[in-house]
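Structure incoming, see below.
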Amino acid sequence: MRPPWYPLHTPSLAFPLLFLLLSLLGGGARAEGREDPQLLVRVRGGQLRGIRLKAPGGPVSAFLGIPFAEPPVGSRRFMPPEPKRPWSGVLDATTFQNVCYQYVDTLYPGFEGTEMWNPNRELSEDCLYLNVWTPYPRPASPTPVLIWIYGGGFYSGAASLDVYDGRFLAQVEGAVLVSMNYRVGTFGFLALPGSREAPGNVGLLDQRLALQWVQENIAAFGGDPMSVTLFGESAGAASVGMHILSLPSRSLFHRAVLQSGTPNGPWATVSAGEARRRATLLARLVGCPPGGAGGNDTELIACLRTRPAQDLVDHEWHVLPQESIFRFSFVPVVDGDFLSDTPEALINTGDFQDLQVLVGVVKDEGSYFLVYGVPGFSKDNESLISRAQFLAGVRIGVPQASDLAAEAVVLHYTDWLHPEDPTHLRDAMSAVVGDHNVVCPVAQLAGRLAAQGARVYAYIFEHRASTLTWPLWMGVPHGYEIEFIFGLPLDPSLNYTTEERIFAQRLMKYWTNFARTGDPNDPRDSKSPQWPPYTTAAQQYVSLNLKPLEVRRGLRAQTCAFWNRFLPKLLSATDTLDEAERQWKAEFHRWSSYMVHWKNQFDHYSKQERCSDL
């Protein structure tokens, strides 16, 4: 899904001579940049030269591949980022730069549904670059800024993906849009908590450094540093939530949009102990420290820094504690620093009085993940599963569940009039994964933030794109609202329908209205249906589809009461039972061993001569 836009050129008979002259003067692109002051910007690090791009309705300015940190290579691997040192001359910012080193999805080679999320630039650990799109010419007055944080399970993703093209929002809505790369997987989230060599959460620190860069430099592009909105999807949305919960980040933005992800999701963080276990297991898998000896943190990290990046990526998935889906190997850690406590605790105790938040989900959050390991599922058939496959899928989809908790999930999601129906079982499995990992954490976050003083708006996205290549049974999968938010249907070459183009314009307006005012509604349009705030009492949210806005109440309220209220209590109770059972078994084992020992001693005693005389 790559929009076929190219830099604007003005045809001229004199162009070949002009090009030759400019080449002799030091390069056509550089000279063209000097001729157009709109494409030259000075930031704190030095001067940049951008590029003018076509977009529907007119051109935009793009400044691509701007370095905001020193390359995190060599001894900087696993370390917090360092700000980019100043450069001399004019830095070329006309093309995207490297993608951070990561796992590449090869499950369905050549299939657009997976390839659109795979890296589209060279993989490298030298990857900390950001991009800025602005209206052309530059805004005369400070313009609200939108900062995009991509998703990808904290193990993949890139700001340069075609689906994140910022030109449409910049041109149609007059927004200043920023996106950044951040380290993922082992390189961004391997943690030995308490260690200076690999403290963890450096991918989040990459994001924070980019936010600081925006505060220092965005005014030069026409952006308003006093009106910054973060928005992200999936792990990007979880990242946005973690910046909300991390005090040093809170002064760097003013509003937040969380699309299909939260910091309180069961996949979004791990404890310090689990992070250390995964890091040391990865080290052992790649032969660190050499010889298999114990070694301290410094020796372990020094060894890991010598290993090729691909070796680390190849072993990432082997550190997960059990077979699962929607679980990722290296993710943010509750480190006592970036995250001073668990996200749940911080959400419950935080003060969000001055915060405006937009949160939401898509209709079928779980379906995308089922083809990555749940028995019976594939993109190439209807995935009509048996009850046995459903039961096995629940254990993979809710990996932390005890036997009793898994049985409760099965009980809740089974259609007891048709308990063996393959279609229902398939759809129920999708709902289990989506509700558990996305929908109910979003509902919980919306309620808690609203209760703590934030102004919250909520949505469910229900439109399946006419161009979608995933099978019909997957519905509206995770991630497939993004193309509408970024305005890709406005590109006629991508073959969206007219209705989808109008729908995309509507969504772009909602998102940019929210970025400007903290309210997605247009204050100049009193005739259109209004999007009400989400409150703990009314729990109002809207459906986003080709129809007019519809207000609903209670986002999967009954089901989310199961996940957010009942199941945690059940898990807590069964944890106690499991511990009691473990202790009982240990005591029984000790007692049994004692009895065997006693019987052996008794038998030995009985065989002695004095006993035989009795």
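Keep in mind that glycine also has a Cβ here, set from the backbone N, Cα and C atoms.
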Which of these, Cys127, Cys288, shares a disulfide with Cys100 in Swiss-Prot?
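In Swiss-Prot, Cys100 forms its recorded disulfide with Cys127.
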If you follow Swiss-Prot, the disulfide involving Cys560 connects it to which of the following: Cys440, Cys611?
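So the cysteine that Swiss-Prot bonds to Cys560 would be Cys440.
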Among all the protein chains here, how many other CB atoms are within 10 A of the CB of Asn495 (N-linked glycosylation site)?
10
Would you identify which of the disulfide-bonded residues Cys100, Cys288 has the most other C-beta atoms lying within 10 angstroms of its C-beta?
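Buried the deepest by this measure is Cys100.
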Looking at the recorded positions listed here (Cys100, Cys288, Asn296), whose Cα lies nearest to that of Ser234 (active site, acyl-ester intermediate)?
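Of all the candidates listed, Cys100 is nearest in space.
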To the nearest whole angstrom, what is the C-alpha distance linking His478 (active site, charge relay system) and Glu365 (active site, charge relay system)?
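Pair distance, Cα basis, whole Å: 5 Å.
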At a 10 Å cut-off from the C-beta of Ser234 (active site, acyl-ester intermediate), count the other C-beta atoms across all protein chains.
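Excluding its own Cβ, the number within 10 Å is 29.
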Looking at the recorded positions listed here (Cys100, Cys303, Asn381, Cys440, Asn495), whose Cα lies nearest to that of Asn296 (N-linked glycosylation site)?
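Comparing Cα positions, the closest of these recorded positions turns out to be Cys303.
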